[in-house]
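Each remark here refers to the structure printed beneath this line.
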């Protein structure tokens with residue numbers, strides 16, 4: 001028998017914290033920074049109608065752990081609610097829907113704070129609530145909504161720079177629309193991993209060029225193992241250099257695989273098309289630069305200070321700061337580690353230079369180096385959402401959609417879902433309007449629609465729903481709305497711009513800027 | 001003139017009747033399952049069965065909203081049923097805390113459902129349900145999510161592609177020598193710590209699946225050495241729980257084994273030699289293990305910190321072994337679980353120490369958890385979208401409108417089309433799972449031999465004649481031109497039971513038949529079917545024989561043939577289709593077939 005040694009000290013708290021464990025699967029998507037943003041978010045839901053889509057959306061935000069939420073909802077729970085709202089049961093009948101939903105949502109996640117209005121059955125004064133509450137990070141409202149409340153929310157959104165989400169679900173149809181207060185830059189866009197690899201093969205910096213040269217100068221003398229373990233980065237740099245020697249220092253304009261040999265040579269061939277390219281700016285970053293030049297930006301925001309610094313860096317060097325990552329490749333581990341070190345060191349140096357430029361700019365004194373690092377790492381993929389301002393012209397959008405539809409048979413593209421938006425939005429204030437009322441409202445907004453059969457059919461379908469929500473459609477829509485809300489709160493990934501229309505009959509959706 | 005997609009031919013009352021009368025099965029009560037159960041209940045589905053073998057874990061609570069903190073370690077299926085019923089008393093839910101692969105969930109049971117929903121998280125179970133639904137001819141709605149990505153697919157035998165029509169990626173395995181002798185990447189050291197070291201010390205010896213054991217002349221000697229090494233480690237295992245154990249283990253795997261590797265000069269001609277570590281030098285430098293150290297999963301631990309964490313986790317794991325022994329378990333084992341902090345700390349620290357020895361970069365515990373645990377990111381929003389899409393597809397399936405079903409994808413990178421819906425793919429005529437000819441065979445397992453099955457049934461009945469063929473079950477090959485030893489054995493002795501699938505593969509080069517899958521049904525000599533239809537045997541053989549051969553001919557693309565599964569009869573077990581075969585017809589025969 002072996003002796004068991006039992007420790008006498010009391011057990012200490014082991015392993016990652018409970019919170020880290022609970023949120024582990026989502027931290028893999030938006031990391032601690034995204035989680036912190038969620039946890040400080042304060043969200044308002046102005047709920048109405050059947051109220052399902054609003055509550056389903058909140059459910060999907062309470063689970064991942066937003067800081068707090070408030071439900072404003074005048075309704076008292078009725079029998080009809082029980083059929084479409086999962087969280088309400090018979091014991092809720094006759095009670096305030098806002099209170100019942102708040103309590104049941106809070107049960108889902110004790111870390112989240114919940115608040116509801118009104119406190120007593122009756123009407124609510126939305127202006128008072130907005131005035132007396134801590135600033136909301138994001139506001140969602142469901143249709144139907146009164147013109148007065150809508151105006152109050154829009155005013156609040158402008159004043160406090162609060163994004164607004166309009167959500168409408170009826171029958172098999174739904175849409176949601178995101179109204180952002182001005183341009184919305186996103187640095188951490190999470191591009192697909194293979195797109196982010198930047199090896200600088202056409203423009204190696206001296207240390208990298210020297211390293212490649214030293215490894216390949218007696219290439220033919222290497223033994224088989226060493227030859228078979230030359231990293232493909234080194235191989236490509238070597239052959240590009242040889243090409244330039246015989247072509248007046250110019251780069252090849254066309255690449256055909258001519259290398260044959262061991263696995264590392266095959267890797268090199270595979271990497272040619274992906275990794276040898278002229279340094280060009282991604283169009284999204286070009287948009288950021290030109291927007292910066294327009295002067296129509298908040299000069300004090302750290303985003304725009306760093307953007308200016310990066311633009312200056314680009315002007316000076318003809319390329320962006322190096323992201324610094326190196327993909328896996330066949331190589332001896334000591335060589336790989338050295339190569340990795342070269343890329344990391346260059347990325348640090350570039351980031352440092354950007355930081356120095358930023359600090360020299362007005363408003364850049366307090367720029368944070370971590371923010372600069374992140375920006376440099378993602379520079380190619382920084383995205384500006386809501387860059388174009390001003391109201392979209394509904395007639396113009398409609399004409400464009402009709403034009404696309406007329407070519408649909410040739411292009412094999414699905415038909416536009418614009419009619420669903422037009423028909424649903426005709427019931428923004430009047431959910432149970434008649435077919436004629438819905439059509440009249442739609443045609444008054446868009447006279448050209450009067451003889452469009454698809455719009456007429458969509459209006460009939462919306463009238464048939466009579467403002468009623470189907471749980472399944474609202475649950476699905478709530479998933480989509482919450483997904484976009486998370487992107488906006490965490491400022492990660494690219495949110496839709498700006499309206500998503502869902503057709504539950506065809507199981508598809510379309511994004512339009514409206 | 002283009003029109004809207006309208007549900008005009010979908011009478012809401014008719015649809016509601018279909019829905020309320022449908023008895024459906026939901027396999028998996030996790031992320032998609034919780035959402036789906038809610039949606040099904042509120043859509044008015046009449047009867048919902050849930051099967052899930054899993055229990056609730058803390059890391060589920062960020063999305064599986066039917067579960068609360070107090071439900072941790074309880075059955076997902078049972079808690080989901082209780083939660084959904086409490087909100088909706090009208091719905092009839094039956095829950096099974098069991099593995100869907102269990103024998104109780106046989107074809108007969110599957111046939112009892114109008115529709116099956118897969119809400120699973122692993123390939124193996126998905127494949128199993130796919131196979132069962134094809135064999136039972138029950139439509140299946142398959143779904144899955146990874147982070148912001150998701151997918152929904154309708155699977156109907158003979159109409160749409162099945163889950164296995166497109167090949168799926170299988171988990172990667174590493175050559176054993178890379179893991180044990182010549183690691184060059186962090187993942188090699190992580191696999192070593194998780195699948196070798198942890199298992200040898202606390203688990204059930206080597207995790208075979210993680211390694212590729214193929215030997216050749218070059219590595220035969222090294223593999224023999226590695227076996228000796230593992231045996232030596234098993235002896236050290238005897239000392240788990242003693243004060244000397246941490247040093248014994250360290251000296252073995254981070255010193256003695258490394259010294260042995262270093263002595264193999266030819267191995268290091270072009271690689272950097274590993275550097276062994278000395279416990280007595282390193283130990284005095286290790287910091288105290290504080291909660292702060294253990295809680296910061298993002299931090300890159302130093303070598304000394306790794307040793308501190310390793311010894312601390314060894315202490316925790318040893319105590320668990322002692323407790324299990326005290327509770328009466330003779331040979332307690334602990335296996336890796338990414339959400340079990342003790343095993344994760346051990347794997348992270350041991351992997352990092354090994355990385356230091358081989359000059360490989362170290363990783364944070366957060367990263368190691370992902371690499372070792374095969375973690376798939378999961379959030380509430382994607383699950384809500386996918387579950388909603390599953391229900392929308394179910395409406396079309398219930399009404400038999402397969403031409404309207406869609407294969408829907410969600411992708412965060414296609415911001416212009418959050419959801420994209422495509423027409424379902426047709427079945428792949430070469431799919432090893434769905435493009436096979438399936439049939440039920442009634443067999444007296446205690447009497448029928450493999451020879452009866454191959455000679456009389458396959459060759460005569462199915463018309464294989466003297467074709468070269470192979471017969472196999474999940475357990476392996478039973479018969480092929482080089483393997484005839486089993487012919488005289490009884491089917492029962494070969495592991496064939498009620499519900500076993502036996503696959504017949506034509507090995508001829510010309511006029512190749514499609515694969516045939518026999519679903520074995522047990523029937524004794526005096527089974528009613530055999531008695532009732534004793535005269536069918538000769539008739540059945542001849543009349544069905546020609547049709548069968550035609551059905552089995554492999555579709556040829558150049559001739560535009562319809563895949564044979566489409567030709568197969570789809571009627572259920574009908575007495576008229578029962579055919580009796582066997583070389584002793586007078587005694588009732590040993591094998592019966594019914595066309596499925």
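We count from 1, first residue shown onward.
Keep in mind that glycine also has a Cβ here, set from the backbone N, Cα and C atoms.
Over in TrEMBL, the protein carries these features:
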- B:19-433: domain 'THIF-type NAD/FAD binding fold' (DOMAIN)
- B:177: active site, glycyl thioester intermediate (ACT_SITE)
- B:300-327: coiled coil (COILED)
- B:306-369: domain 'Ubiquitin-activating enzyme SCCH' (DOMAIN)
- B:441-523: domain 'Ubiquitin/SUMO-activating enzyme ubiquitin-like' (DOMAIN)
- B:525-542: compositional bias 'Polar residues' (COMPBIAS)
- B:525-596: region 'Disordered' (REGION)
- B:547-557: compositional bias 'Basic and acidic residues' (COMPBIAS)
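Residues near the residue listed as 'active site, glycyl thioester intermediate' in space but far in sequence (CB under 8 A, at least 6 apart, same chain), listed by position: B:219, B:222, B:223, B:226. Beyond the ends of the coiled coil (B:300-327), by six or more residues, the same chain brings 202, 240-241, 245-246, 249-250, 277, 282-283, 285-289, 293-294, 334, 342-343, 345-346, 348-350, 352-353, 356, 362-365 to within a C-beta distance below 8 angstroms of the stretch. For the domain 'Ubiquitin-activating enzyme SCCH' (B:306-369), the number of residues in each DSSP class (helix H, G, I; strand E, B; coil) is 43 helix, 0 strand, 21 coil. Residue counts for the domain 'Ubiquitin/SUMO-activating enzyme ubiquitin-like' (B:441-523) under DSSP (helix as H, G, I; strand as E, B; rest coil) come to 19 helix, 30 strand, 34 coil.
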